[in-house]
Amino acid sequence: SLNAPYNAMRPMYGKIAENRPVARVWTVVLLLGTCLLYCARVAMPICAVSMAERFSWSKRESGMVLGSFFWGYCFTQVLGGYVSDRVGGEKVMLLSAAAWGAMTAFTPILAHFCSQPIVSMTISRFLMGLLQGVHYPSLASLCSQKVVESERGFLMSTVGSGSYLGTLVIGGVGSLMLDMYGWESVFYISGLLSVLWAYCMWKYLLKGEGELIAGTQSKLSRRNWLRLFRQPAVCAVIVTHLCTASTFFTLLSWLPTFFKDTFPDSKGWVFNVIPWFVAIPSSLFSGCLSDHLISQGMNTHTVNVQDLAPSCAGALFGMWSFLRVIMVYLSGYLIEATNSWASVFALISVVNLLGLGTFLAFAEARRVDIDATKGRYHNIHI
């Protein structure tokens, strides 16, 4: 059958169930880490309106500060995935978390003690992007090398829902802190909690521990990347994620400002919570559905780099970050030039439709980093 080779390959990528309690602990830890990642990341969009009033920023300047994060983000995506594929995603994730947590906590200090806050905030957000850019590639590498295929969908969707949970938490609690204690408190709390998470992860889960999630790490082979990119499925997934991620982060960056401009008398915690509250159950459901379809022998499941090329998933994950910075900055420019939010939402719709069309036309749920032409599955050597 079509799925028999996949079953034969599973021992290479380990078993997740040998120590279920450890696996569950790591799932919760990674979920919490992703939650804190977004608490730190969304702190700036939540506080952007107050900071713009405090430092007299225009919409274009606010867009420059918000977009500078993604300039840094796109530089370390591929490198972070490449390193994670070789030294282990958990190590890369730990070091980066300690660094971006500290950077978040120091953000108010940089804003107040620099004579040009727009410059210091642009640089600090750029550095935040550099440091956070390795998180998801390292997570993708960790998942592809440590988790069996039938479990990946639920694990990634559960951990991935941390992005919505973090946005939900910082949108609700952060908005209340913003009103009660000022915008500085949002950065202090989210940054210090992130550093604490990194310390606990190192002390209790990594220091002196052996396997992360039961399984053996796959050995990477040298391959012709050009041939890999000639695969339509790979290009389709890169383009699709490029479109969806860029529009997601545009909404993430600008929705607080949109609601503040459109409904100035509304409470911030309401409109910063509702969109992401709905997203959490849909993310968990998609992961369960994906795993169910795989267990039924179907290939029509969620297509991602963990399925397409698990041996180099981390590096491939980093390929689709470059459009985000353009979208976030362009949105700020459109708002200021047209004085209308409709142009921004129209741009988001067009980009999303482009991604959907590409996905439906070319995406496939099959591995492309192995050679299936000889009746047996092994790494491609060119």
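Backbone N, Cα and C atoms are what each Cβ position is placed from, and that goes for glycine too.
Just so you know, TrEMBL annotations never went through curation; they're auto-generated.
Features as listed in TrEMBL:
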- 26-382: domain 'Major facilitator superfamily (MFS) profile' (DOMAIN)
- 21-44: transmembrane segment (TRANSMEM)
- 64-83: transmembrane segment (TRANSMEM)
- 92-111: transmembrane segment (TRANSMEM)
- 154-174: transmembrane segment (TRANSMEM)
- 186-206: transmembrane segment (TRANSMEM)
- 227-254: transmembrane segment (TRANSMEM)
- 274-294: transmembrane segment (TRANSMEM)
- 315-335: transmembrane segment (TRANSMEM)
- 341-363: transmembrane segment (TRANSMEM)
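Within the same chain, the transmembrane segment (92-111) packs against the transmembrane segment (186-206): three or more Cβ pairs sit under 8 Å, each pair at least 6 residues apart. Mean model confidence for the domain 'Major facilitator superfamily (MFS) profile' (26-382) is a pLDDT of 78. Stretch with the largest number of CB pairs closer than 8 A to the transmembrane segment (227-254), among 154-174, 186-206, 341-363: 341-363. Away from its own ends, the transmembrane segment (341-363) comes close to residues 232-233, 235-237, 239-244, 246-247, 250-251, 254, 258, 261-262, 303, 323, 327, 330-331, 334-335 of its chain (Cβ-Cβ under 8 Å, at least six residues beyond either end).
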